[in-house]
Amino acid sequence: MFHAAESRSGQPLLNASHDDEERGRQLYRGTRRGSPLLTSTASTLQTPSDSWSRISPASDDPPPDRPTFSRRSTMRSRSPATNANLAARTKYTYAAFFLVTSLISFTIQTELAAYIQNDLGWDKAYCMLYLTHGSWSLLWPLQLLFLKFRSREAWPLFWRRHVLLVRTTGQMVERQELDVPHLSVARSPWPYLLRTTAYITCSLTVAGLSWYLAVSMTTPSDLTAIYNCSAFFAYMFSVPLLKERLRLGKSLAVGVAIVGVLVVAYGDGKAATAPDASGELPEELDSGKRLVGNLIIGVGSVLYGLYEVLYKRFACPPEGVSAGRGVIFANTFGSLIGCFTVFVLWIPLPMLHILGIETFELPTGQTAWLLFISVIMNMLFSGSFLVLISLTSPVLSSVAALLTIFIVAIADWMWTGQPLSAAALFGGLLIVAAFVMLSWSTWLEMVEEEQKKRRDDLSGEDDDLDESDKDDD
């Protein structure tokens, strides 16, 4: 019936010891019980302007933004629907920024690559692929410099927090759980990440090579139409690998996008072959050779859709991770793909040179400068595309990538002065409509997911509070 004199239950809650203040402060910041390691990484993504980062640990005054009401009232201050909408809006804001960045950078890269290969005559397919994918290794160092520029912390503290964030996120990725058990905290996620990088990079490289192999064997129309069917295959792979439900709205959007691609590729009724350097149309391609080219690009389309889904399934944090953490880890994994390319995929270069398939020759002069810009644009596109998949879904990202067909056609119109055909305009509008439909469907899914997560969190908090009340009684 009587408590001991040294019992903490007799102390005022608002004047607890320094240790209790720190413990309560960590719990208030949104982390779950039983995850002290994850709690320490939550502050990594906060900017130096955050009021929390300016509070001295020895200060007796409460932070200006700290609520004076109980934790239960804090959890009830906003409904699950409101919190879900805010979280989904934040994630979509990030996704919209990286979508615009990917579209602009891909358009510039496409125009420069075509000019380098067709006009300047530097047609080195595998070497260009090696350079562009190898440039992804710069994503993490550039991101690290950007984060340090925004932070006022000393380098040792900043570095420890960043490494801890990447490490704990990698553990989340490996387990596909937000809360990492204590027994798994000491386990390094790097062996898993290196294995995942190997097979995802191989899938991406084979898919990219199929484009270069088929470009001289089939028609540009076939190439465009078949390769961009990767959006359909991404949707099909998402069902078994990501456990995604078949939705009528999503299926209809993917179908409309593919119809739009087919209209752009075949709707104008012009010759299906590309002009040569003299501006004249070459002879009709051999039907057998064209069939082989279509089969090769078909395999590439399937592998590219598989690459997107594999990346989402095995290299992205689980649902519920903050948008900032997702962006940081997406660029980190992109750097792993770039490093694997640089240190492993150089091997075919001397083999292609010895066999006479592709003579190794570095560009010079104007070609070198334009290739450098093209490589940088590819790095920006790829990093933004990885972030887009991580924040949304492979299906939405694939359909968003189809927007580049319409944008590149507009860029060609502005560059060459040749107006868009009716088929290109109508097909582009179909792709835009499909993207809008898919964006709305994805937004609804994100809100539903966030609402479910908030309800689960509230249920868990109520259970903890009930157990605590029983212990006090």
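Each residue, glycine too, has its Cβ placed from N, Cα and C.
Here's what TrEMBL has on this protein:
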REGION    1-82  region 'Disordered'
COMPBIAS  37-52  compositional bias 'Polar residues'
COMPBIAS  70-79  compositional bias 'Low complexity'
TRANSMEM  94-116  transmembrane segment
TRANSMEM  128-147  transmembrane segment
TRANSMEM  192-213  transmembrane segment
TRANSMEM  225-242  transmembrane segment
TRANSMEM  249-267  transmembrane segment
TRANSMEM  287-307  transmembrane segment
TRANSMEM  328-349  transmembrane segment
TRANSMEM  369-388  transmembrane segment
TRANSMEM  395-415  transmembrane segment
TRANSMEM  421-444  transmembrane segment
REGION    452-473  region 'Disordered'
COMPBIAS  459-473  compositional bias 'Acidic residues'
Completion exercise
Comparing 225-242, 249-267, 369-388 for Cβ pairs under 8 Å with the transmembrane segment (128-147), the winner is 369-388
Handout entry: Any contact, the transmembrane segment (94-116) to the transmembrane segment (395-415), with at least 3 Cβ pairs under 8 A
Key = yes
Exercise for the section: Grab the same-chain neighbours of the transmembrane segment (192-213) for me: Cβ-Cβ under 8 Å, and only residues 6 or more beyond its ends, written as numbers and ranges. Expected result: 125-126, 129, 133, 170, 173-174, 223, 227, 293, 296-297, 299-301, 303-304, 306-307, 310-311, 314-315, 333, 336-337, 340-341, 345
